[in-house]
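All remarks here apply to the structure that follows.
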Amino acid sequence: MDEQYQYQQRDVPPRPHKAFRLGEGKISGFASVCLGALSLLAVLAYLYPSYLTTTELRAVYDAKELQQVLKYGMYFSLFFGLLTFVLGGYRRLGLTGIGLTSTAFLLGGWQIPVGPVAPKALSLGVDWLILAFLGSVFIFMTLEKLLPRYKDQVILRPGWGLDLWYFVFNHLAISAILLYANYHVSHFHWAVSDEVQAWVQALPLWVQVVAIILAADFVLYWEHRLFHEVGFLWPIHAVHHSVEDLDWLAGSRGHFIQMFSERAMVMVPLYLLGPDKAALDIYVAFAALQAVLIHCNTRLHFGPIKYLLVTPWFHHWHHSSEKPAIDTNYGAHTPIYDWLFGTLHVPSQHWPAHYGTTKPLPRTFMGQLSYPFACWLARRKTKGAD
Ligand SMILES: [Zn+2]
Ligand SMILES: [Zn+2]
């Protein structure tokens, strides 16, 4: 630990013009647009489920029950849209929300019949996008409002639009990611042992879950560490680190090469251990929630749990651009491997004063998408010039 380092308080500049305040019409305007866009997407998913829903997810939810959620989403979008006109401000947002919902009504609304779905190998995860967005807003945005770490950090902080785009892109790509991950693990068929898998399945459920978390995190730790410490790989992962205000949405920022390789690598230990489906389902839900939670702008206290599981405080330090924190706290699920392999940075009560990369990255989606390629090209040119 760096004893000499002077830890400072983070200074969040107030952005009153970006804040949401009751009575202005901005909250209702945004709510109307969000619900309208989600409703229209949901209607399209009901119309073309083979192409716009995820096979794995369809097994989890009841499409008929979700029609009720869609019904209320559409009505609330209209209600909030009209409310913006009553309140007087942000009418354009209200009009957009009403327009999106009206289109959803014209296309059949929530009454589109639900029938059997012919599964396709590759589809767009519109259902995953809608459910993850609604779930994240309800759980994590509420948490950030009730227990914020940085009270002055606004929802519409710099880069929120870019991160929303990443959120959309990464959720739509879920089926392509799973397809690639399954293809990747199929190369490890030779390493599967029936005895090991039978032994794992005989363990109590909670032991299986702990075993999966530890095995998965071992892979994630090393994969993450390589992304940081191998010069060639860093430009890919630098995209995730370019965010300078962390919140529930910030964790979505990640280059597609990282998204694909991370899922493919973490699938290997799960495939080899072959646990019960219930244990696997618990792990997937845990991993998905933790990945969002650790980026949240929250001061929620975890007590002694912080020694066992990665918390927002732990992962916020991973995102710090301050010297003692660089290349530390690689764990995705637990701090155990950072402790074992000497990369732990846990300065008691302090939080980072600065986030982001030491070298600025492009601030657009396309700029960040091409960033690793631009770095590799520049490196080749300098090598050629030597
Ligand atoms: Zn990292
Ligand atoms: Zn992160």
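A Cβ is built for glycine as well, from the same backbone N, Cα and C atoms used for every other residue.
The annotation transmembrane segment is assigned in TrEMBL to 27-49 (among others).
Long-range contacts of the transmembrane segment (69-86) within the same chain, counting only residues at least 6 positions beyond its ends with a Cβ under 8 Å from a Cβ of the stretch, are 25, 28-29, 31-32, 35-36, 38-39, 42-43, 46, 93-95, 97-98, 100-101, 104-105, 109-110. Marked as transmembrane segment by TrEMBL: 69-86 (among others).
Same-chain residues lying 6+ beyond the ends of the transmembrane segment (93-112) with a Cβ under 8 Å from its Cβ atoms: 25-26, 28-37, 39-40, 42-44, 46-47, 67-68, 70-71, 74, 77-78, 80-85. Annotation source TrEMBL lists transmembrane segment at 93-112 (among others).
The annotation transmembrane segment is assigned in TrEMBL to 124-143 (among others).
The annotation transmembrane segment is assigned in TrEMBL to 164-183 (among others).
Look at TrEMBL and you will find 203-222 (among others) tagged as transmembrane segment.
Taken from TrEMBL, the feature domain 'Fatty acid hydroxylase' covers 210-343.
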> Residues sitting near the transmembrane segment (124-143): Cβ under 8 Å, six or more positions beyond its termini, same chain?
Replying inline: 34, 38, 41-42, 44-45, 51-54, 57-58, 61, 155, 167-168, 171-175, 248-249, 288-289, 292-293, 296, 298, 300
